[in-house]
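**Student:** The structure that follows is given in the form of C-alpha cells.
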Amino acid sequence: MASQLIREWTGIQQFPAATQTKLLELLGKLKQENVSTLTILVMGKGGIGKSSTVNSIIGERAVAVSAFQSEIPRPVMVSRSTAGFTLNVIDTPGLIEGGYVNDQTLENIKRFLVNKTIDILLYVDRLDTYRVDNLDKQVVKAVTESFGKEIWKRALVVLTHAQLLPPDGLEYDVFFTGRSEALLKVVRSGAKIKKQDTWGDAIPVALVENSGRCNKNENIEKVLPCGTAWIPNLVKTITEVALNGSKPILVNKKLIEGPNPDRRWKEFIPLVFAFQYFFIIKPLQRAIKNDMARETRPAWELRDTGLSSRKF
Ligand code: GDP
Ligand code: MG
C-alpha cells in the first residue's frame with residue numbers, strides 16, 4: 001500500500017532550525033533507549049483536527065484535511081524515516097456518526113491495526129469546547145474496549161485550536177486546566193481507571209495549534225499563547241510517554257476478537273444447563289421418587305385397591 005511506504009522524513013527539514021534541533025535531540029534520546037521506531041495512533045471524534053495534527057507532526061501535507069467531513073473512511077498510516085529512526089503515524093476517521101460510535105469505523109480501525117504495535121495513542125479533542133458529554137465517554141469506552149485499559153498508559157490527550165481567547169475573561173491557564181481536567185475525568189471513568197491506578201492521574205495533556213495563523217516566536221516556531229513552541233513540546237511529551245516504562249500495545253487477533261462481555265457469558269450457557277440438570281433437576285427427581293416411596297398410603301386408597309382388611 002502506497003501509504004505504508006517508508007519515505008525519508010523530508011518534512012523535518014521544513015521546520016525552523018530551532019525546532020529541528022530539538023526534534024533531533026529527542027529522537028536521539030529515544031534511540032539511546034533502543035527505541036528506533038515509534039508508531040503513533042491518532043483517534044478521536046471527527047472534525048477536531050486529527051489529520052491536521054498528523055500533518056503538523058510530519059511537517060508536510062501527508063493526509064487530507066477537511067473542514068466539513070472526514071475525508072478518509074479508513075485509517076491511513078504515514079511512515080517517515082530519518083537518521084535511523086522511523087516514525088509511523090496512523091490517522092483514523094472520526095468515531096462518531098449520528099450521535100453514536102460508528103461500529104463499522106471502529107471495526108475498520110481494529111482490522112487495520114492487527115499485527116501492529118501501538119507505542120503511543122494521541123487522543124485528540126478541541127481545547128475550545130466548553131463541555132464534555134456522553135459522546136466523549138462513548139469514544140473513550142470504544143477505544144478501551146478495543147485495545148484494553150492499558151492503552152491509556154501510552155496515551156496523551158491532545159487539545160487542538162489552542163490559540164484562543166478564553167470565554168468570560170478567564171485566564172488562559174485556568175481555562176486550560178478546567179478543560180483538561182474535565183476531559184481527563186471522562187477518560188478515567190470511560191476507561192474504568194480506578195482511584196488506586198495512580199498512573200491515571202499522570203496522563204499528560206499537550207496543546208496544538210494547527211492553524212497557519214498560529215503566532216510565532218523569534219525563531220519562527222509556532223507558539224502557544226503561553227509562548228511555548230508547541231511542536232517540540234508535543235514531541236517531547238510523546239517521548240516521555242514512550243519511555244515511561246509501560247508496555248506498548250501489540251494488536252493481535254486475540255485482542256481484537258477476545259472476550260467481549262456479551263460473548264463471554266454466552267460461552268457459559270451450556271455449562272449452566274449442565275449444572276442445573278445434575279445439581280438441581282436430578283436431585284429433585286430423586287427426592288420426589290424417595291418421597292413417593294416413603295409415603296404412607298391413605299386408608300381410602302387401600303380400601304379401593306382391596307388391600308385393607310378393615311370393614312367399612
Ligand atoms: P479531523 O476530522 O479530526 O481529521 O479534522 P481535520 O484535521 O480535518 O480538521 C477539521 C477542520 O479544522 C479543518 O478545517 C482544519 O483546518 C481545522 N483545524 C484543525 N486543527 C485546527 C487548529 O488547531 N486550529 C484551527 N484554527 N483550526 C484547525
Ligand atoms: Mg481527518
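In case you wondered, yes, glycine gets a Cβ from its N, Cα and C as well.
TrEMBL lists these features:
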type    : residues                    : note
BINDING : 47-52, 66-71, H161, 209-210 : GTP binding site
BINDING : S51, Q69                    : Mg(2+) binding site
DOMAIN  : 35-259                      : domain 'AIG1-type G'
**Student:** Which number gives the other C-beta atoms within 10 angstroms of the C-beta of G49 (GTP binding site), all protein chains shown included?
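**Tutor:** A 10 Å sphere around the Cβ of G49 (GTP binding site) contains 25 other Cβ atoms.
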**Student:** Taking the Cβ of G47 (GTP binding site) as centre, how many other Cβ atoms lie within 10 Å?
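**Tutor:** Taking all protein chains shown, G47 (GTP binding site) has 16 Cβ neighbours within 10 Å.
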**Student:** Using a Cβ cut-off of under 6 Å to any atom of ligand 2, determine which of the binding-site residues G47, S51, S66, N210 qualify.
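**Tutor:** S51, in sequence order.
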**Student:** Taking all residues of the domain 'AIG1-type G' (35-259) together, what is their mean pLDDT?
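**Tutor:** Looking only at the domain 'AIG1-type G' (35-259), pLDDT averages out to 94.
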**Student:** So which of G49, S51, S66, F68, listed as binding-site residues, have a Cβ under 6 Å from an atom of ligand 1?
**Tutor:** G49, S51, S66
